[in-house]
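Asker: Residues or ranges marked as transmembrane segment in TrEMBL: 18-38, 59-83, 103-121, 141-163, 195-213. The annotation domain 'NarG-like' is assigned in TrEMBL to 18-237.
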Amino acid sequence: MNAVSSPLAAAPASGADLLLWVAVPYVCLAVFAVGHVWRYRQDQFGWTSRTTQLLEHRWLRWGSPLFHLGAFMVIAGHVAGLAVPDSWTEAVGISEHAYHTTAVWAGSVAGVAMVTGLGMLCARRLLTRRIRLGTDRSDKLLFPLLSATVLLGITATAAHNVFGPGYDYRATVSVWFRGLFVLQPQPEAISGAPLLFQLHALTACLLFAAWPFTRLVHVWSAPIGYLARPYLVYRRRATTPAAPTAGGLPSPAPGARRAA
Ligand code: HEM
């Protein structure tokens, strides 16, 4: 990776900036919150991943773990890169260069795993007739939106930070992102960022708005309790054969009753 430039946007926000980087994200976050409440009240029994494992499992066996493992890594990377200010990482001794080198390598591995997994999940949905027929309107919204967000993210990383001169998104995109949550929006922080980062952030906002109306709600019901639940105890049936009765039939089990 080359040296990373630190492009701080200084121009004041225009009307378009306010619309794109304040109104759109807040509307999407509001839809995300209210949409979840609505979905929970209206459709508790539909609150699932709507698995298609019984219809096809060969592609799913590889596609699903790759996608989910990549997604966990990408989420961890986003928390570190967007929520944690660079002054904090520097304060604990992580230099700018060390942060960016790690982010680019780990982010690339995570991104490739996620793209490959998602590609396999999309392919089986298109190629397996039974899954295609079970694809509803929410899937037709979710899969393209998810694919666009993931592809724009990985393209931005590749174009600017793997093959490009290096772009310090922590000085721009991350500042905008944090501003939304502390209710001090800073649209001017992202308005000068490269287009790929801007498109990635916008599709991510739309994805958050679509989230409650899709199978993504299963994220909040992941069966984490399984990791710590007690073992299920299975016992074998008694293997000794029952003694035959005078009529040749096995004698009834102790306590068993004759059917009326
Ligand atoms: C508003 C929310 C988001 C913002 C501001 C954002 C911002 C970013 C930034 C700055 C990068 C570049 C990282 C680098 O070059 O090291 C990136 C990469 C990426 N993003 Fe996002 N992102 C958001 C949401 C999402 C979501 C929801 C997904 C997936 C569903 C996603 C998937 C990815 C992927 C796959 C990459 C490339 C791999 C990586 O570097 O982690 N992003 N994103």
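Each Cβ is built from the backbone N, Cα and C atoms, and glycine gets one as well.
Please go over these features one by one and say how buried each is and what sits next to it.
Answerer: Note on the transmembrane segment (59-83): residues 52-53, 89, 103, 106-107, 109-121, 123-124, 128, 153, 169-170, 173-174, 177-178 of its chain, located 6 or more positions outside it, place their CB under 8 angstroms from a CB of the stretch.
Residues of the same chain lying 6 or more positions beyond the ends of the transmembrane segment (103-121) and with a Cβ under 8 Å from any Cβ of it are 1, 59-60, 62-71, 73-74, 77, 80-81, 143, 146-147, 150-151, 153-154, 157-158, 161-162.
Long-range contacts of the transmembrane segment (141-163) within the same chain: residues 1, 4, 74, 100, 103-104, 107-108, 111-112, 114-115, 118, 121-122, 125, 194, 196-197, 199-200, 203-204, 206-207, 210, 213-216, each at least 6 residues beyond the stretch ends and with a Cβ under 8 Å from a Cβ of the stretch.
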